[in-house]
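One structure is given here, and the rest of the page talks about it.
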Protein chains: 2
Amino acid sequence: MHFTVISRILGILLMLFSLTLIPPVLVSLWFHDHNQVSFLIAFIITFAAGMVAWFPVHNVKQDLRTRDGFLVTALFWTVLGLFGSLPFMFSNGLNLSFTNAVFESLSGLTTTGATVITGLDTLPKSILYYRQQLQWLGGIGIIVIAVAILPMLGIGGMQLYRAETPGPVKDSKLTPRITETAKALFLIYLSLTVVCALSYWFAGMSLFDAICHAYATVAIGGFSTHDASMGFFQSETIHAICVFFMVVSGINFALHFYSWQDRRISNYFRDPEFQFYISAILVGCVLTIFLLYHYDVFNFTDSVGHGIFQLVSILTTTGFTTTDFSAWPSILPFMLLYFAFMGGCAGSTGGGIKVIRILLIFKQGIREIHRLIHPSAVIPIKVGSTSVSDRVVDAVWGFFSVYVFAYFMMFLVLVGTGLDVITAFFAVGACINNLGPGLGEVATHYGDMNETAKWVLCFAMLLGRLEVFTLLVLFSPMFWRR
Amino acid sequence: MHFTVISRILGILLMLFSLTLIPPVLVSLWFHDHNQVSFLIAFIITFAAGMVAWFPVHNVKQDLRTRDGFLVTALFWTVLGLFGSLPFMFSNGLNLSFTNAVFESLSGLTTTGATVITGLDTLPKSILYYRQQLQWLGGIGIIVIAVAILPMLGIGGMQLYRAETPGPVKDSKLTPRITETAKALFLIYLSLTVVCALSYWFAGMSLFDAICHAYATVAIGGFSTHDASMGFFQSETIHAICVFFMVVSGINFALHFYSWQDRRISNYFRDPEFQFYISAILVGCVLTIFLLYHYDVFNFTDSVGHGIFQLVSILTTTGFTTTDFSAWPSILPFMLLYFAFMGGCAGSTGGGIKVIRILLIFKQGIREIHRLIHPSAVIPIKVGSTSVSDRVVDAVWGFFSVYVFAYFMMFLVLVGTGLDVITAFFAVGACINNLGPGLGEVATHYGDMNETAKWVLCFAMLLGRLEVFTLLVLFSPMFWRR
Ligand SMILES: [K+]
Ligand SMILES: [K+]
């Protein structure tokens with residue numbers, strides 16, 4: 001382990017992160033909500049901490065190696081999560097406990113969107129803005145940092161992409177022009193945000209709400225400035241815009257990159273992961289609408305409206321709501337949660353197991369059946385025209401098993417702390433998939449939960465966002481040897 | 001497909017099975033419960049059906065091939081399950097509906113032990129005997145199929161046991177080896193049953209109860225002649241005997257075969273699956289006792305007694321109870337259900353995913369972590385001293401994923417039929433793992449459930465008993481080609 005390089009990188013990250021505490025100061029001054037001091041204090045502490053980590057080692061010229069990438073990735077989320085919690089502890093009229101502040105901060109950065117706060121509508125604007133911005137930053141982190149920024153700091157690109165996503169790596173063409181690509185990915189992310197915000201604004205949101213919700217939409221975060229979430233805006237246009245941008249943000253950003261570069265929409269439709277993703281959304285919408293209508297929850301028009309919105313919001317793991325879906329007949333929230341387990345495409349801001357892995361598991365399941373019928377046949381697994389190596393196959397099975405195993409262990413611990421079964425089931429599901437809202441006690445917020453449960457759920461959010469194995473590797477004695 | 005041979009085999013099986021309807025006639029006559037006629041009618045129908053299937057093709061000399069094995073295995077459970085339901089429909093004072101009768105019969109044959117009947121203590125003795133005997137017959141069927149047929153078919157990685165199968169290994173023809181193997185296994189199975197029955201008898205059970213419960217113990221079935229199950233017998237000796245024979249019956253019968261043949265107890269302790277099985281039981285007992293005591297359910301002595309009994313009963317998927325464990329704090333039944341997902345060893349009468357597969361998944365999970373740390377290393381997976389082939393690794397991952405997937409799909413359908421979430425969760429878990437008792441509505445019996453749910457659960461029992469893939473293969477168009 002090269003602790004000096006790691007310290008240097010963390011220092012830079014913290015100082016960069018501290019700069020993001022300046023916009024909330026401006027928001028606070030603009031809206032006169034008297035919260036600028038808490039953000040300034042948080043800025044000073046974070047910047048100073050970054051300086052302390054960076055300055056003693058800023059001259060060290062050492063290359064970061066593959067193995068360090070795991071630690072850097074894990075520290076990125078935990079350390080920023082910790083420092084990001086400072087404004088929540090300092091702010092007037094909020095004064096969250098340490099546990100609650102860390103939960104809110106991690107939930108923002110990992111784009112989970114589970115909140116411990118109620119009464120959003122009356123909260124200082126600067127706090128509201130800060131929560132949304134956390135998600136937006138987390139979203140960039142998810143897409144760009146693993147692919148581009150850390151390699152710029154001296155890490156071989158693909159290895160770290162592997163640290164973020166132990167599953168299949170999408171396109172080897174990303175490696176050589178990693179800096180270029182990073183800029184391009186950021187540009188796409190920014191453009192999407194701007195277009196989304198403008199659309200919301202033109203559709204009737206206030207400029208403040210439009211920017212805030214664009215942040216949370218493109219980051220697949222799901223935080224809102226209103227307790228009623230997207231349901232606050234009684235506009236079908238706004239809901240339709242939201243659905244469109246959630247779907248777009250759930251697509252692999254590398255695919256966006258290549259399609260935008262080539263100016264070819266057809267690139268999307270040739271991508272097997274995209275095909276599977278869109279098919280799942282269509283099948284999910286039809287099922288949801290059918291069940292809503294069948295169980296007489298809404299009339300047909302409302303079944304279509306709420307059905308499409310809620311399916312897309314939960315499948316992509318955004319977590320916005322237009323209605324209290326936790327009151328729907330049990331089969332619906334469970335089915336929606338299943339779709340959240342699939343989640344978005346790899347390389348998107350979405351959570352869950354990721355579409356490409358589900359696609360591979362599906363193909364491997366079919367192969368197992370064919371192998372039983374033709375035991376001596378050699379049947380390769382193909383995604384598009386490329387065969388998937390055995391290593392990738394093993395890694396995907398492993399990912400799925402460990403994911404399921406971790407899920408059920410955390411569920412058991414939550415039940416052990418006294419949560420009722422439904423709450424525990426959905427809370428873990430909502431956190432490990434970086435989804436946000438659940439059922440039962442956590443249908444709207446996580447504030448009333450016991451401390452132990454909150455820390456377990458923080459772990460779940462990290463586990464999901466770190467693609468499980470990045471975190472598990474750190475618990476392996478072999479990792480720390482030599 | 002060789003339908004003539006399959007028809008011949010089914011005919012023979014049905015005629016053999018019809019003979020097992022004679023002992024209940026004798027029991028009925030002995031206890032004067034006036035039920036002999038219903039068994040006689042069932043005998044005549046079953047024998048006649050067997051004759052119809054066998055006679056036209058009894059001269060056909062054709063060998064069964066590997067692929068036919070899937071169909072024979074699936075038909076074995078479904079056809080015997082259907083004919084086994086006849087006595088339940090015909091019997092005085094029972095008169096089960098078709099759905100209930102099939103559920104009870106399948107539950108018996110698959111050694112699940114879920115029952116739709118209440119008031120067992122007042123039921124005619126011949127019916128009680130018949131239920132227990134169904135489990136015992138199912139048990140020997142499971143062992144013979146698991147040891148002799150599944151390794152040949154390669155289901156869920158069971159080709160791992162191909163070389164170890166007792167009996168002569170000649171060629172891919174299934175018939176001769178099954179006969180030899182079946183004889184040896186049956187002898188062990190019978191001896192265990194006799195010793196178990198005698199132990200129960202000496203410990204204070206009536207001879208009738210001793211035989212009946214020995215059937216259900218060795219078969220890991222869990223049916224009882226009393227509503228209170230093993231709790232009816234207020235004897236720690238009886239409970240201890242039961243625990244011992246449940247543990248023994250959960251061991252691979254091929255391992256019993258080799259150890260008995262060599263007269264070496266040490267064979268057991270050198271077997272990696274046995275080691276893992278015993279360790280899991282010990283860890284499970286400690287956890288259960290600790291939680292029972294921690295949550296103040298019992299005093300320490302009772303925590304030990306009920307803890308050990310319930311853990312072993314549920315881990316091995318027997319399903320006997322000494323106390324109402326469904327009233328324990330939620331974490332306990334859930335934890336016990338997790339252990340039931342592991343279940344017994346391959347080649348035992350136990351259900352679940354099987355110990356060897358969990359062991360392999362565990363080892364593969366560790367390997368994935370090591371591969372991330374040392375990407376270029378070649379790390380074989382070993383069970384004992386033998387390396388496990390990639391095919392087996394793939395098959396085990398596949399088995400696990402499909403098992404989990406099937407579980408959650410059936411759970412969703414049950415919730416859709418209106419069952420509450422806890423009932424549905426445990427009902428599917430209790431049936432796919434061939435365990436028996438659940439929580440909620442199905443804590444004691446399955447009688448009050450809706451018809452659709454019962455059929456789904458019948459499917460779950462079959463799916464579990466057929467190791468998922470045997471059934472799935474039959475739904476593949478490729479299987480029926482040529
Ligand atoms: K989210
Ligand atoms: K059972």
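Every residue number used here counts from 1 along the chain in the order it is shown.
Every residue, even glycine, has its Cβ placed from backbone N, Cα and C.
Some features that TrEMBL has for this protein:
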type: BINDING; residues: A:THR111, A:THR112, A:ILE220, A:GLY221, A:THR317, A:THR318, A:ASN434, A:LEU435; note: K(+) binding site
type: TRANSMEM; residues: A:12-31; note: transmembrane segment
type: TRANSMEM; residues: A:37-57; note: transmembrane segment
type: TRANSMEM; residues: A:69-90; note: transmembrane segment
type: TRANSMEM; residues: A:136-161; note: transmembrane segment
type: TRANSMEM; residues: A:182-203; note: transmembrane segment
type: TRANSMEM; residues: A:237-255; note: transmembrane segment
type: TRANSMEM; residues: A:276-295; note: transmembrane segment
type: TRANSMEM; residues: A:335-362; note: transmembrane segment
type: TRANSMEM; residues: A:395-415; note: transmembrane segment
type: TRANSMEM; residues: A:421-443; note: transmembrane segment
type: TRANSMEM; residues: A:455-480; note: transmembrane segment
Who are the chain neighbours of the transmembrane segment (A:12-31) in space, where the CB to CB distance is under 8 Å and they lie at least 6 residues beyond its ends? 39-40, 42-43, 46-47, 49-51, 53-54, 76, 79-80, 83-84, 87, 124-127, 129-130, 133, 137, 153
Below 8 angstroms Cβ to Cβ, which residues of this chain, lying six or more residues outside the transmembrane segment (A:237-255), approach it? 139, 143, 147, 170-171, 174, 185, 188-189, 192, 196, 199-200, 203-205, 213-214, 217-220, 230, 267-268, 271, 273-274, 277, 281, 305, 308-309, 312-313, 315-316, 318, 320, 322, 343-350
Counting a contact as 3 or more Cβ pairs under 8 Å, with residues at least 6 apart in sequence, do the transmembrane segment (A:69-90) and the transmembrane segment (A:276-295) touch? no
Enter the number of other CB atoms within 10 angstroms of the CB of A:GLY221 (K(+) binding site). 33
Per Cβ pairs under 8 Å, the stretch of A:37-57, A:182-203, A:421-443 packing most closely against the transmembrane segment (A:455-480): A:421-443
Count of other CB atoms lying within 10 Å of the CB belonging to A:THR318 (K(+) binding site): 36
Tertiary contacts of the transmembrane segment (A:421-443), as residues 6+ beyond its ends and Cβ separation under 8 Å: 107, 110-115, 220-222, 314, 317-319, 321, 324, 326, 333, 337, 340-341, 343, 350-353, 403, 406-407, 410-411, 414-415, 449, 453, 456-458, 460-461, 463-465
Taking the Cβ of A:ILE220 (K(+) binding site) as the centre, count every other Cβ atom within 10 Å, in any protein chain shown. 32
Same-chain residues at least 6 apart in sequence with Cβ under 8 Å of the Cβ of A:THR112 (K(+) binding site), in sequence order, are A:LEU106, A:GLY221, A:GLY222, A:GLY319, A:GLY351, A:ALA430, A:CYS431, A:ASN434, A:LEU435, A:GLY436, A:MET461, A:GLY464, A:ARG465
Compute the centroid of the Cβ atoms of A:THR111, A:THR112, A:ILE220, A:GLY221, A:THR317, A:THR318, A:ASN434, A:LEU435, then list the same-chain residues not in that set whose Cβ lies within 8 Å of it, in sequence order, for the K(+) site. A:THR110, A:GLY113, A:ALA219, A:GLY222, A:THR316, A:GLY319, A:THR349, A:GLY350, A:GLY351, A:ASN433, A:GLY436
Name, in the order they occur in the sequence, the residues of the same chain whose CB lies under 8 A from the CB of A:THR317 (K(+) binding site) and which sit 6 or more residues away. A:ILE220, A:GLY222, A:ALA340, A:GLY343, A:GLY344, A:GLY350, A:GLY351, A:GLY352, A:ASN433, A:ASN434, A:LEU435, A:GLY436
